[in-house]
Amino acid sequence: MSAIDDLPPLRDVLRKHDLIPKKALGQNFLLDLNLTARIARAGGRLAGVTVVEVGPGPGGLTRALLAEGAAKVVAIEKDHRAIAALDEIAARYPGRLEIVEGDALEVDMARLAGDGPARIIANLPYNVATPLLTGWVGAAQWPPFWDGLTLMFQREVAERIVAGPGDDAYGRLGVLCGWRCEARIAFDVGPQAFTPPPKVTSSVVRLTPRPDPLPCSVKALETVTQAAFGQRRKMLRQSLKSLGDAAALLEAAGLEPTRRAEEIPVDGFVALANAWEAARKTSA
Ligand code: SAM
């Protein structure tokens, strides 16, 4: 296969900038540009799109996103050591790579993404992957500023994201993601693809926002799913006791009191969240 660009191989970039991977920053780098190109392509057609990338590191995925035609990449990186390496990519693609040194949990991504179509594509640092995802999917504003998420997670987290009722991995994350997005696993990536190799297999997940998810407050949905899945194998009449009159809530939501959290589809949890919210307002 031909090279995706004329920049140096990533191993040379790591050496030149002394980028020894740090565990505390979740640094498992992808050095195969054909693989990063595959991840970029899993994000769909990038022409005219601003891509927000969290954790570009030495820039393997960043290079693929630019080579695949993203109008612009906004790359948010916490590790100061990577900035000089990223500057070299920015020089190769004038005006198309904006490097933001900072913590992705703290920056205002919607503002950085600008006004046009935006997408988030990233090989996420595993230590902040779930809070980033719940921030994007549980955003106050919907539809969100992005039209798709293409993200690398540990396989076990990916399974929780795409899980539905009856799946072992079904829980709070599956309800939140299933409520607002269509989610699927695009492909798996084995440990050996990373430097250093993690202990587990990873998966690229694609989430597409639903234009009109059932109306519900994120906070209410989080409250009821936390109670229900906190005791996932107990009947709902038992597990929801911490929310007040469990029997009344279940009746208002049209759910059988003897059912268990792991069997309830997303629309059942939305009904429960709305019933909880209504009961709270009445008692206030
Ligand atoms: N994208 C690169 C690749 O695929 O080779 C690196 C991916 S590595 C799994 C995660 C990257 O996220 C690292 O470069 C790390 O320094 C960065 N990072 C870790 N925590 C971060 C945070 N809170 N905000 C922004 N970047 C972070």
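Every residue gets a Cβ built from N, Cα and C, even glycine.
Unlike curated entries, TrEMBL annotations are predicted automatically.
Pulled from TrEMBL:
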- Asn28, Leu30, Gly55, Glu77, Asp103, Asn123: S-adenosyl-L-methionine binding site (BINDING)
- 35-211: domain 'Ribosomal RNA adenine methylase transferase N-terminal' (DOMAIN)
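A map of TrEMBL features onto the structure.
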residue : record                               : DSSP (3 states)
Asn28   : S-adenosyl-L-methionine binding site : coil
Gly55   : S-adenosyl-L-methionine binding site : coil
Glu77   : S-adenosyl-L-methionine binding site : strand
Asp103  : S-adenosyl-L-methionine binding site : coil
Asn123  : S-adenosyl-L-methionine binding site : strand
Averaging the per-residue pLDDT over the domain 'Ribosomal RNA adenine methylase transferase N-terminal' (35-211), what integer do you get?
98
Cβ-Cβ under 8 Å from Asp103 (S-adenosyl-L-methionine binding site), same chain, 6 or more residues apart: which ones?
Lys78
Using only the Cα atoms of Asn28, Leu30, Gly55, Glu77, Asp103, Asn123, which the record gives as binding S-adenosyl-L-methionine, return the largest interatomic distance in Å, rounded to a whole number.
20
